[in-house]
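These features come from Swiss-Prot:
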TRANSMEM  20-40  transmembrane segment
TRANSMEM  51-71  transmembrane segment
TRANSMEM  76-96  transmembrane segment
TRANSMEM  113-133  transmembrane segment
TRANSMEM  135-155  transmembrane segment
TRANSMEM  173-195  transmembrane segment
TRANSMEM  206-226  transmembrane segment
Amino acid sequence: MDGFSNMEQAPLAYQEVQWLAETFVTFMGLGWLINYVLMIWHSRRGEPSSMALIPLCNNIAWELVYTIIYPSPNKVELAAFIAGVTLNFLIMTSAARSARSEWSHSPTMAKHAGLIIVAGILMCFTGHVALAMEIGPALAYSWGAVICQLALSIGGVCQLLQQHSTGGTSWKLWSSRFLGSCCAVGFAFLRWRYWPEAYGWLASPLILWSLATFLVADLTYGVCLLL
């Protein structure tokens, strides 16, 4: 995350590819913003939310933490977070409104969807804050993003297997979020390759496992959409 990095300390090798890193960040934000806008559009048409409940709460909580509690000094990055939080809240309200039809098989969930979503956000929010207090906001930002991505990718596949339904996901929705996340991987690769003193940990076994899990889960989901 640029906002937590002192670019004056970046090695010359990284400074030479910084333009490419910033391009990846731009397209990462663009991909996810397009995904959020499409989710709102589908919800307004009365279609179900394409994101499972826990990943939705987790995403909103993560964005809130790094918008309010640990805001990025990078104004462009902060603006992207504010836009993401705003759109995610619109998604949340749409999901709460459509809960009666989407969760008709669970009367308790259908009746108290709004309260359950708020409770889920609070739980995830405090978890992300606790992680930042434990390992520092710079590392917690990245690990929090990993948690959000895995919850979304694995949750989507589980939803597909359990309900035999994409839950409203379309090809455009999937491709925008997948490409946005792939741009984040490209950005992380440049950090690891050209700034190993600070970002060598991005090649740790757990990060590589998380990357492999994300790719397998999301590509599996994409193939299922085509079938």
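One-based numbering along the chain as shown.
For all residues, glycine too, the Cβ spot is worked out from N, Cα and C.
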Contact between the transmembrane segment (113-133) and the transmembrane segment (76-96) (at least 3 Cβ pairs under 8 Å, separation 6+): yes
Folded-back contacts onto the transmembrane segment (135-155), same chain, C-beta under 8 angstroms, at least six residues removed: 1, 4-5, 51-52, 54-55, 58-59, 62, 65-66, 70, 128, 177, 181, 184, 188, 202, 207, 210, 213-214, 217-218, 221
Ranked first among 20-40, 51-71, 173-195 for CB pairs under 8 angstroms with the transmembrane segment (206-226): 173-195
